[in-house]
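Per Swiss-Prot, the features are as follows:
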BINDING   GLY8, ILE9, SER10, GLY11, ALA12, GLY13, LYS14, SER15  ATP binding site
BINDING   ASP59, ILE60, ARG61, GLY62  GTP binding site
Amino acid sequence: MRLLIITGISGAGKSLVVKYLEDIGFFCVDNLPPLLIGKFAEICLKSRGKISKVALVIDIRGGELFNDLVPELNALKESGIDYEILFLEASDQVLIKRYKESRRIHPLAPEGRLIKGIKTEREILSQIRKNATYIIDTSNLTPRQLKEEILAIFVEGRKFDGMIVNIISFGFKYGIPIECDLVFDVRFIPNPYYIESMKYKTGKDEEVRNYVMSFAETAEFMTKLKDLVDFLIPNYIKEGKSQLVIGVGCTGGRHRSVAISEALFSYLCGREHRVFIDHRDIDKDGRSNRR
């Protein structure tokens, strides 16, 4: 029997994950009191294979009952029952945005002090996070990307040895994306904005792309950038990191950063990674440029 404990920060996407797991044959129970884990596992083991994949969502909604989780997991281990822990998290800014959009109340912030509730929750969950088998940060994942990550982990034959890489082009005048692990400033490349024929085009247009890539310093930068990510990604994976967010910035986020991001996207797509790209500031009218 495969026993999975799902926990993590409120608002990080546990409900979505449960849906994806149910779709691939997991028997899921939401908000189970930790004291019942052992009993429930015994029942499943006695089902003669009818229940072979189980996912239990256990989080701070249980209040003080959550304190029983670690002792109960230790008891499972002592009784010879194997389990895995999936821990979901997201950045404070993303969690606050999700709560405001959903208008839901955080379990530890009934008075509305969201940031205080999130901070308290992180402290409570710190020990279980350290023992997690898998940690997924959903801050920069679309539902489709999150589903792909779940399938990669829990569907036999779907697991891959690469990394989920998100590339974000942006304009420094609009701020650096808070979710970035790495940020590269490409404002050293001559700016197509000042050439009339390219001023209102973007780095996705061939004329702009060819212009940006025509400089010797661009070619040297791309060589060094490729070498760096080829060095970093395997070492990140070795340390247990499964996602990487790379930011590429220029002044306005329409020309140079877009062209460089597209080039990096094409390069990484040829590797064993799942790569996504988002031109955050290419168009400020709200249209999505993610793929």
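Note that Cβ sites are derived from N, Cα and C of the backbone, with glycine treated the same way.
Annotated features taken from Swiss-Prot, shown on the structure.
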residue : record           : Cβ neighbours (10 Å)
GLY8    : ATP binding site : 28
ILE9    : ATP binding site : 24
SER10   : ATP binding site : 23
ALA12   : ATP binding site : 24
GLY13   : ATP binding site : 21
LYS14   : ATP binding site : 22
ASP59   : GTP binding site : 23
ILE60   : GTP binding site : 21
ARG61   : GTP binding site : 13
GLY62   : GTP binding site : 17
Pairwise CA distance, GLY13 (ATP binding site) versus ASP59 (GTP binding site), rounded so that it is a whole Å: 12
Count of other CB atoms lying within 10 Å of the CB belonging to GLY11 (ATP binding site): 24
8 Å Cβ shell about ASP59, ILE60, ARG61, GLY62 centroid, GTP site members excluded: SER10, ASN31, ILE58, GLY63, LEU65, PHE66, PRO107
Between GLY62 (GTP binding site) and ALA12 (ATP binding site): CA-CA distance (Å): 17
Chain-mates of GLY8, ILE9, SER10, GLY11, ALA12, GLY13, LYS14, SER15 with C-beta within 8 Å of site centroid, ATP: ASP59, LEU88, GLU89, ALA90, THR138
Residues that sit under 8 angstroms from SER15 (ATP binding site) by C-beta distance, when 6+ apart in the chain: ASP30
Alpha-carbon spacing, ILE60 (GTP binding site) to GLY8 (ATP binding site), which is rounded to whole Å: 9
Helix, strand or coil at GLY8 (ATP binding site) [DSSP, three-state]: strand
Candidate nearest ILE9 (ATP binding site) in space, where candidates are the binding-site residues ASP59, ARG61, GLY62 and distance is Cα-Cα: ASP59
Pairwise CA distance, GLY11 (ATP binding site) versus ASP59 (GTP binding site), rounded so that it is a whole Å: 11
Spatial separation of ARG61 (GTP binding site) from SER10 (ATP binding site) - C-alpha basis, Å: 9
Cα-nearest neighbour of GLY8 (ATP binding site) within the listed binding-site residues, ASP59, ARG61, GLY62: ASP59
Integer Å distance between the CA atoms belonging to LYS14 (ATP binding site) and GLY62 (GTP binding site): 15
Integer Å distance between the CA atoms belonging to ARG61 (GTP binding site) and LYS14 (ATP binding site): 12
